[in-house]
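According to TrEMBL:
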ACT_SITE  HIS9  active site, tele-phosphohistidine intermediate
ACT_SITE  GLU82  active site, proton donor/acceptor
BINDING   ARG8, HIS9, GLY10, GLU11, THR12, LEU13, TRP14, ASN15, ARG58  substrate binding site
SITE      HIS151  site 'Transition state stabilizer'
Amino acid sequence: MPRIFLIRHGETLWNKETRYQGQLDIPLSKEGEQQAWKLANVFREEKIEAIYSSDLTRAINTAKIINKFHNKKVAITPLLRELCFGKWEGKTYEELMKEEKDEYTKWLDNPFCLQPPGGESLSELINRVDYILSEMARSHKGNKNILVVTHGGPIKAVISAILGINTEAFFKIKIGNASITEIVVEEDGDIKKNAFIVKINDTCHLK
């Protein structure tokens, strides 16, 4: 079965400020670049079949650093982008609770069905991430290692799809910057039925 390593990009300044980045193209901070090099060392001796990345700079640059030891062509796709938060991008939780409390709390109660203004729902996120990961599993059959550099939302979406969890559980999943989540997928590529979680949010390499 293909092993898929879901890697969250290194830290950005907006991560530190706890702002919703969404699909805004915020670059890695210096700390984020250092985290990416620590990720690179984790996979330095691994035989990697393919590397995929979100098309946002913070993910691409994380993938490029990891790829220093593998010399693969990084496959870049917008399907691995973070959840689109629409007009809420750039805001913090505290700012949204102050400025748009009613609409924001409605979304927090039902993010799988409701969209932020100008954004997308978690169900839409799950569908696009499920599609691209299924394609990867079908394209790389056998015991192949696939690296996927993406964002916190898509990784939580994969976990949600595999475990069938609800809204309350979704918000309790912690996916740190430069963390590694590993899944294995049957070669039919069915993420919801035939994928298994090996580990979640591994950050031991950052210590």
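Even glycines carry a Cβ here, placed using N, Cα and C.
Listed recorded positions: ARG8, HIS9, ARG58, HIS151; maximum Cβ neighbour count within 10 Å falls on HIS9. Of all Cβ atoms in the protein chains displayed, 24 besides its own lie within 10 Å of the Cβ of GLU82 (active site, proton donor/acceptor). HIS151 (site 'Transition state stabilizer') falls within neither a helix nor a strand when secondary structure is assigned with DSSP, and so counts as coil.
For THR12 (substrate binding site), the Cβ neighbour count at a 10 Å cut-off comes to 20, with all displayed protein chains included.
Of the chain residues outside the substrate site list ARG8, HIS9, GLY10, GLU11, THR12, LEU13, TRP14, ASN15, ARG58, GLN21, ILE26, LEU28, SER29, GLY32, ASN177 have their Cβ within 8 Å of the site's Cβ mean position.
Taking the Cβ of TRP14 (substrate binding site) as centre and 10 Å as the limit, one finds 19 other Cβ atoms among all the protein chains shown. The two recorded residues, ARG58 (substrate binding site) and HIS151 (site 'Transition state stabilizer'), have Cα atoms 9 Å apart.
Once the Cα atoms of ARG8, HIS9, GLY10, GLU11, THR12, LEU13, TRP14, ASN15, ARG58, the listed binders of substrate, are compared pairwise, the greatest separation found is 15 Å.
Other Cβ atoms within 10 Å of the Cβ of GLY10 (substrate binding site) number 28 in total over all chains. If you measure from the Cα atom of THR12 (substrate binding site) to that of HIS151 (site 'Transition state stabilizer'), you get 12 Å. Closest in space to GLU82 (active site, proton donor/acceptor), of the recorded positions given as ARG8, HIS9, GLY10, TRP14, HIS151, is HIS151, taking the CA atom of each residue.
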